């Protein structure tokens, strides 16, 4: 058992989560201790685990203390809620206890204004008298309110609050001196305390209120039928001489005092007494249940700890692995030896070596055998670099990244063109933006804005989606003389999915047919409600050609940025990171990528990794081609120094050294190569077997060469959309750069066509293509590519067949011709009968033959056609069973070209 504990492995990220500290801090400590670890996903042994716990013991104590404080706070809130609930219940109990039903024969002690002499009242034996209302005090002492207790909610004061409540109660008590005299000769009406005249309901109620019975009895002994009830300085009742004591409930007294006017009651004082009394009761109850609360708090802590342990254990049972991992890599992730993995494969009937790549099904099966669940991730996710936590002092306001979206030709590039004061659209083919371009614009107040100009047509759906992932604000451009198009709604959906606020720019308001209100109505139907109509989206009417409203639009964008409080890490010590917006292959400079820096400063000479490639920054240029030495957050720059072409959307991360960058890139390349090799082999075999089974699938093989990676992705997405189940586009190769001999040879071997988008073939490739008679097409606008490929696919579709009726004839006589068979003498009822038409023979409306004509004669001559109203002779091919009255229908099958 001890050996198993020594061999146990711990993941650094799990230890950091347990200690509530940054994984990078734990990683740095482990490296300082001399352990060889690559990332926070690496495993450490039990000894290192103990060192980590010792190093971060203060943090662990702080975490435990924080959890303890939170639990106690939660208990305190629950206890206050319970006390509040009990307070309401006890107030109801006091009302029921101290307000009994009136009983005949009771004597009422009215509380008049202060008087000096006692007031005598004649005895009226038979009249029912209101009872004397007694306020039972809670121990140790409480103020008495005689008549006031009937009007308000009676209560007793706690000992802790006695001093605070004495003064108002005494003032009230001094004004409420009540006295009455009884005749001296009451003739044996002395109450011995054994007769109770209460009603049955009152007796039951008094039996339930045991807590107040003793205090009530104590007060009764202090009253006398002939005395007066007074309150002394301490708020206790004074005794006065009398001939007869008061009974248990004063029920034996047959006297009726003179009824006096009731004094006004101070509701505020009584309410304060009630609250203070209940508070005192609750304090006593709470202190008595302190041990119970401790036990409950301990149980809840144990329950929370059990839940946390269960969640941590569940997380540890999930292993994140790439597809086609080796037994050695799988063993490291599951904290077992490679020997155990290989032995388990043998038992499953798989013979593998330590470095052999396993397929997805095998990895899932092996993980289940060891009690793990396999979660497959991409090669980039498996080797992602965990960024350090940003320090608050390094954060500062950064320029907003704004994406301009909208439909084709609604004026997106013209808007950016006006703001940059340069002719951007002039450099694009057909005035249509073909790339995602990033530009930095300085406003009138000196504040900068970074713009991403995405193409508007639907071929660039993926490019527009990538733009929305890195953007902070979206400017949605809609032409006032047009309407909200499907691509506009698509852009709205992309922005909403990314959680990005939208600022609406209604363009072309200078045109006479402009109708901004119609655009606002259509936008509201699409889920974008402008501020003028009570929505959250800012709106500005502009004219990109004349510059109307451009300044106001930029101010609204900056206002939106201020609301979002956009900040970036401007520390020069932190390792920079950014996103690849676009990449292309230049003949003289090599790979050039447009990078949007998101964190830190990207400097010349920094080693980096981006996707599956790595490199070292050789040069940094702004959007106008001017060389700079560094670039901060939200600044778009062109970077030189990539070893290979990265993909748009890849994350560029600066590494500490060239070796780290190269190792990480090579690891990703190995996983990617293995994945593509396995996938391509499987897809080819599957496609072959599927085509053998179906025999109907037709493919148009295509090789795409373009000037940028973004254009390739847009072309591929557009081509995949126009296929169906019968014909499809098979992209066998795609790449950036000019068309080479290798591309031509691949096209010749695969019977493919080559599409060059804004690129040309070299001399040798051109000669080889002419020799092989290959179809090489060149385009500069994506629309034309999609149209031509769609036409090609439509030509590969099987034509749609439908029947066209030509005419019908009736057999009126049957002739038997030697060596020929039966021939019908017919009359053409309608239409026209053609010699080469298909016919069907109908008898009583039922088809009994379907074929072709053998002979068609008029008189003795063979003819090609016979019109309606004429007679003719007809013979059916290989069929003689014709009778008088049969009908022959002539028809032909017409083929119609199908469209996708």
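From the backbone N, Cα and C atoms, a Cβ is placed for every residue, glycine too.
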Report summary line: Among 382-389, 390-397, 398-405, 406-413, Swiss-Prot marks as region 'G1' the stretch 406-413
Query raised in the report: What range among 503-506, 507-510, 511-514 does Swiss-Prot describe as region 'G4'?
Result: 507-510
Requested in this report: Out of 107-127, 128-148, 149-169, let me know the one Swiss-Prot marks region 'Disordered'.
Outcome: 149-169
Query raised in the report: Which one of 453-456, 457-460, 461-464 shows up in Swiss-Prot as region 'G3'?
Result: 453-456
Report task. Give the number of CB atoms, excluding that of residue 406 (GTP binding site) itself, located within 10 Å of its CB. Result -> 26
**Report entry** Cβ neighbour count within 10 Å of residue 412 (GTP binding site)
**Finding:** 28
Query raised in the report: What is the number of other Cβ atoms found within 10 Å of the Cβ of residue 509 (GTP binding site)?
Result: 20
Requested in this report: State the three-class DSSP label for residue 509 (GTP binding site), counting H, G and I as helix, E and B as strand, and everything else as coil.
Outcome: coil
Report task. Would you count the other CB atoms within 10 A of the CB of residue 409 (GTP binding site), including those on all shown protein chains? Result -> 14
